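Student: The structure is given below, and queries will be raised subsequently.
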């Protein structure tokens, strides 16, 4: 592939060279401007910022004036359609004003970049900078120790504290950093090697884009970097009167956090930006909002956020009522027993396989070997045996033989097992023998799901009364629900015991199960495995099993960052994923040349047969390198391997530091020491990324930092990150990867070819192979994994895009309700849509009586047309007349409500004994009641109109939030059930899109009807004593924030199979699904989603079935 790329470069040219060449004229302009700026005084240099802001303001002044005039104009417009037109004009003008701002920023870019470079230069060359004190200087001096006021002057020091460490400014931007800054401003990804100063590069586009006053966000992967970088770079911006803050320094939903977002430049972690967005979209008052519009974001380590985190959405959830009902503790002893029995069985198969293979009987030996592998693939003895000559090849040959013809022969292998593990797909399945063992000491059908269709047919043949039939069916559905949940719990426990290992996939800290990020080796604080798996691991580890939760709000980081008008990113390793970043995010990757040439030596991989040989060789190499005075950084892929190597080094009396998920708080300190002579540091999966390892002159003379990789990662990019720790800024260094046939990557994807070559060469234990051909073979295996992962991520994003478009609609409606500006327009549209639904439904059946009934029921109005007109008029004409009548009634009702409420409000307001600021007013529609909080003074001054407006806002928010919560649950259920379409040769994504649209339309229709019905029927209290003081505007709810793991398509489909059912996968959380209001004794029709069978029974009996999710209500 590299050969083809080289040929293409000859004919087409090198993309990175072309990109850099296109930017060179801008760099030349910056260099020209530097000389003129160096002659300016400090005050004149600072005045440039005010000058730039004025240019931007004047460029967009015409558009801004028009926008302000239209906003004033719209307040006086009563006609809803005219209002909608004005709001559309405002939106267009705002877009045009943004484009003018961007054009102006491009024009002032060279001078603005030159200003920041000159500022950096002056801070480096002067211990103190004395300027005329401004109001901003005086404000900052109260909290910043590096600014001192002396009379009318402000003295800025060039030393300050960043993340607890005293630093003296010593950096000036290189030309390559100016190129990186231009790339970031253009909304692209700047790939710069480690040590090339990405943090300093960001100061250029941050300053330029902050000049608009719309806010700029710098996003980091952890809070240490966010706090450190914001403190480290702040004086550079504050010197020019720009405010800098970090959201991670302040509590969520606080005034301080809102102030941080109001700053010109805001630093923070990706998670906190995302969670703040979700919290804002659960707020019930504009005062609770913290974020502004999403203007421009620069994402540090952009590959980590947009690629590694692609399967982890941010979730805000709340506890489920009865959500703690699980059988993990009860079923755990059974699973432990089953796993122990299978372990003995697997060891027996392995012993037998070894004997048969030794005797030359490879056919039967291969059969027993395959059994041992499908019983326990992570068995250490099995992994060691597979590294021996020819054994891995025999296993794969046998597996291919039994998997041929759609796994036709595989049951012969599995019949002796109690459960089967397919490690590649992360799946475990109980066999009949396993169910038999599990069912000991229980009834025979303890783990067997009843066949609903057959059982219902049997009950109906029993000549029972309707009541008795209903009771029998109710028992059947309860039995089905309990058992399907039990089987799911069982499967998750089995996974916890066989596929998830402590100190590899997770660690135990403070008696809690904490997930370890496989990409970075850091703890994913607050993240839980979904679907009961986390609870299963908690049961396995004997810690408290946390309650099940229900999703209230969710967003993927990818879709959050796509909301920004402009997005850019920085990383040292993106070029291997350039195709994915362009295809999914339309982000171009530009490779920035290094300031100095690279002198690191990257050696070919050393390949061993077994892990033991590999680790022994690693330790020997580390001892030699350390004794020669070179610092050594050992990269591992898990906490377990880190601790193993640590024990081996202790045995050799080699002092060392360990940096992994358990020690992430000491990260920066350990990384800083990693460049000292002879220091050995073990780091799990690039923990410590983002902190420089600086080398002394002594270390450089000895050969620089030595990187030792103990295993190849699934992704070439992560290996490049590890290599990139050495050789920064032209420093010497070396990198060497050690690989064994027992490593995960080799075991699952790449070892057959390598094993054959090693067998052919007759390599004995302890001998090693090192050749460029072998390294390329390993990289091909990595590429295969990357392609699989890309496919999965792209597919997941396509699913999330469906949810994202729905989220935008719902959150837009929430925002309108929250701010109130466009709420009247939304209510008018809801009113029209409700009228349209009522007309269409009844016009289709020609049912005038029901049309009249629905108008009274939902809108409290009588029909505006006669029966003859109803039959004669078209749907559009009828909807128009109905809407006009409803609108007139609603306007009159609002005037009446305000008029009736005002005397009560006046009495409360004018009562000298009351000092209320806010009051609670209860509203009711006869069924539900809602407490509306309103500002007493505003309600009094508007003569009751403010109360009506608050009523509209509160009811809209309450109903939208409730409907959205239920909709999220339904979407989750549907995403799992549509995967079964693959069995019918249909694309699940297309079905998901179609069904999601139907679900969403139904939800919106439901919201419209419910909101309008309450607004039309909601009555004010007639008594003053119903009104109370609102001491707290809103009770803060106990939400849980987490990052969750999205499963790929195969895993979801397997889940359905595990539970022994095909349409509905039962999750441990039991949420009551949304249904129309029906009396319990009403007769309803329901349909089985699996076989289409229709039943007619009383709603109280049907409700259990509907809750189980295997049946749906059939609308008449």
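Note that Cβ sites are derived from N, Cα and C of the backbone, with glycine treated the same way.
So Swiss-Prot says this about it:
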- 177, 195, 196, 197, 198, 199, 692: ATP binding site (BINDING)
Student: Return the residue, from the listed binding-site residues 195, 197, with the maximum count of other C-beta atoms within 10 angstroms of its C-beta.
Tutor: 195
Student: Looking only at Cβ atoms, how many others are within 10 Å of the one on residue 196 (ATP binding site)?
Tutor: 24
Student: Which state, by DSSP, holds residue 177 (ATP binding site): helix, strand or coil?
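Tutor: DSSP assigns residue 177 (ATP binding site) to helix.
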Student: Check residue 196 (ATP binding site) against DSSP and tell me helix, strand or coil, would you?
Tutor: coil
Student: Looking at the binding-site residues 177, 199, which one has the fewest other Cβ atoms within 10 Å of its own Cβ?
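Tutor: It is 199 that, of the binding-site residues 177, 199, has the fewest other Cβ atoms within 10 Å.
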Student: Sequence gap of 6 or more, Cβ distance under 8 Å: name the residues on the same chain that satisfy this around residue 198 (ATP binding site), in order along the sequence.
Tutor: 180, 190, 192, 300, 570, 571, 572
